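**Q** Here Swiss-Prot flags His258, His319 as heme binding site, drawing on sequence analysis. Annotation comment: Swiss-Prot describes 7-27, 92-112, 126-146, 159-179, 199-219, 254-274, 291-311, 312-332 as transmembrane segment, evidence class sequence analysis.
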Amino acid sequence: MKNNKSVIIWLLSGCFLVFIMVVVGGITRLTNSGLSMTDWHLVTDTFPPLTEAKWEETFEKYKLFPEYQKINIHNDFTLSDYKFIYFWEWFHRFIGRIIGLVFIIPFIYFLIKKKLNTETLRKCAILLGMGAFQGFLGWFMVKSGLIDAPDVSHFRLSLHLTFAFITFAYTLWVALDLIYPEKKQVILPLRNIARITLAIIILQIIYGGFVAGLNAGLIHNHWPLMSDGQFFHESIILEKESWFARFTEGKSGVQFVHRTIAYFVAGLIVFLTFKSKKHTLSLEQKNGLNALLIIVFIQFTLGVLTLLYSVPLWLGVIHQAMAFILLATTTYTLHRFSK
């Protein structure tokens with residue numbers, strides 16, 4: 001680990017910045033700020049408008065797009081309101097630029113100093129490609145809300161969100177490979193359960209994106225049952241014609257799936273912990289499992305509260321941030337059962 005300390009710090013710094021970016025992205029979504037910047041320029045958008053005249057010009061450009069014409073024009077939407085939503089989208093993109101610099105500049109330095117072995121270099125090249133693709137996905141998502149509908153595609157939003165989580169998890173995995181270079185005997189049953197758990201968490205993140213994109217957290221604000229005391233609410237059937245659409249495009253169906261997967265995630269983590277009692281575990285493995293139990297309980301509780309209180313900004317942001325911590329802990333635990 002000592003020989004790779006600077007590389008490890010670099011990778012973990014990247015993880016932290018991705019975490020911050022996704023939290024800010026959550027605020028951007030929950031404050032309806034994501035469509036405030038109607039174009040994308042790598043250099044000229046680095047700073048927000050610096051004069052009142054430039055603000056007026058940018059605001060007038062925003063007025064040409066569906067979100068203003070179909071929604072905000074009816075809400076006495078002022079330049080001051082616009083500056084608020086512009087800030088969050090600008091800040092989200094600004095952090096993305098910082099992440100790019102934080103990755104590329106040290107990467108070049110490590111290349112020159114030959115601090116990256118062939119395997120780590122290959123993994124970092126993959127990370128570079130993932131970062132570039134994530135930037136494309138961000139604009140691809142925003143573009144969907146600038147044409148006809150004054151909202152982004154929930155499919156594109158979920159793709160953008162989920163890929164950020166995956167990029168974070170892979171960056172953490174690369175760092176863990178350097179922190180724990182030694183090999184040990186793999187406990188196959190526990191590793192396989194941990195893999196399934198990680199996959200289900202990724203699926204839950206996808207549906208979390210669907211819920212956010214469709215504003216599906218604003219309906220059926222009851223727990224443990226949906227509205228009218230129903231486990232499977234009739235609106236799931238009525239909203240869409242096909243079963244696929246009901247569970248990918250219908251608000252009630254998407255929320256039902258998100259609710260249901262939460263039970264599977266919690267159950268798998270409890271099952272993994274129970275199965276681990278039959279094996280001799282390392283300290284890192286025990287710590288990972290104990291942390292998972294605590295975090296999944298907190299996240300489950302946050303999810304219920306977010307639903308019951310109709311997604312207040314602060315709860316929605318904390319719920320998304322805790323999903324990151326749950327993913328990080330699952331990734332760490334899987335790594336400790338895999339290497």
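Every residue gets a Cβ built from N, Cα and C, even glycine.
Give me the local environment of each listed feature.
**A** Same-chain residues at least 6 positions away in sequence with a Cβ under 8 Å from that of His258 (heme binding site) are, in sequence order, Gln204, Tyr207, Gly208, Phe210, Val211, Ala216.
Residues of the same chain lying 6 or more positions beyond the ends of the transmembrane segment (7-27) and with a Cβ under 8 Å from any Cβ of it are 1, 33, 88, 91-92, 95-96, 98-99, 102-103, 106, 110, 115-116, 120, 127, 161, 164-165, 167-168, 171-172, 174-175, 178-179, 212, 313, 316-317, 320-321, 324, 328.
Sequence-remote contacts of a segment are chain residues at least 6 beyond its ends whose Cβ falls under 8 Å from one of its Cβ atoms, and for the transmembrane segment (159-179) they are 1, 4, 7-8, 11-12, 14-15, 18-19, 21-22, 25, 120, 123-124, 126-127, 130-131, 133-134, 137-138, 140-141, 198, 202, 205-206, 208-209, 212, 323-324, 327-328, 331-332, 335, 339.
Below 8 angstroms of C-beta separation, residues 26, 29-30, 151-155, 157-162, 165-166, 227, 248-249, 251-252, 254-255, 257-258, 261-262, 264-265, 268, 306-307, 310-311, 316, 320, 323, 326-327, 330 of the same chain, each at least six residues beyond the ends of the transmembrane segment (199-219), sit close to that stretch.
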